[in-house]
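Notes to accompany the following structure.
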Amino acid sequence: MKITILTLFPEMVEPFFLSSIMKRAVEKGIIEYRIINFRDWAEGVHAKADDIPYGGGAGMVIMPGPISKALDSIEAKGKRVVFPTPSGKLLTEDYAISLSKEDELVFICGHYEGLDQRVIDEYVTDEISIGDYVLSSGETATIVVIDALYRLIDGVIASESLEDESFSKGLLEYPQYTRPYRYCTKSVPDVLLTGHHSHITQWRCDQRLAKTMQNRPDLLSDASLSIEERKRLLSILDQDKRTCQRWILSEL
Ligand code: SAM
């Protein structure tokens, strides 16, 4: 996949591509990236790329001129151009999956109060929010979106690692443990040491259901649960009446 990032702060974005799993994906040629500072298209001695908002109000807005020229220089029209913004559609695992299937993506990093609407109207195909809160920069949001999508591309990480992860089948992940067996006063659940594959699978399935019910009951209505999983959910509900009451009350 080819990723192009347009930003006024390349130094915020570059380190992400130089470490860990992303670094390996770049070395393997799975990800090709370029970072463009669109201030390079700004004019005047101060290379101004932002200005005060029409109609008044606090802060500065990214001007349309320099960013449009930068977008034209990479022939962005016709490509999937992502603008992370709090007023975009919420990023979900399904959304990340759809983005991971593209051969090329362009990201515009907003900053200050945001981006002139005319640039959004002209070039942007996807306005994406990473959550209901406001960050100070689009660079961090862009990294979040890229991080969520690139790990889903074949060859980036082992496909088994993606299987039981949070949001697969609409549930959260089960708890994970590693050595040592005893840490401070706590031990690893004994079932994980039995070597009994079906018992471990059952325990993990119960943990996923219980965790989802506790932390994200809103996911359960869309989860693709088998009859067996529904029955397990009922028995977990019986075992933990207080969680059940909280869930029912929150649904009222
Ligand atoms: N004035 C904007 C508003 O109220 O929606 C907020 C601008 S924010 C201070 C600066 C930049 O951070 C935005 O242009 C956007 O690129 C990025 N940003 C902030 N919060 C975000 C979020 N929840 N999701 C995606 N991008 C976000």
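Each residue, glycine too, has its Cβ placed from N, Cα and C.
Residues Ile130, Gly131, Asp132, Tyr133, Val134, Leu135 are given by TrEMBL as S-adenosyl-L-methionine binders; from Gly110, Gly155, that same site also lists Gly110. Sequence-distant contacts of Asp132 (S-adenosyl-L-methionine binding site), defined as residues of its own chain at least six apart whose C-beta falls under 8 angstroms from its C-beta, comprise Pro86. Checking the binding-site residues Ile130, Asp132, Leu135 for a CB within less than 6 Å of any atom of ligand 1 leaves Ile130, Leu135, listed in sequence order. Looking only at other Cβ atoms within 10 Å, the busiest spot among the binding-site residues Ile130, Val134, Leu135 turns out to be Ile130.
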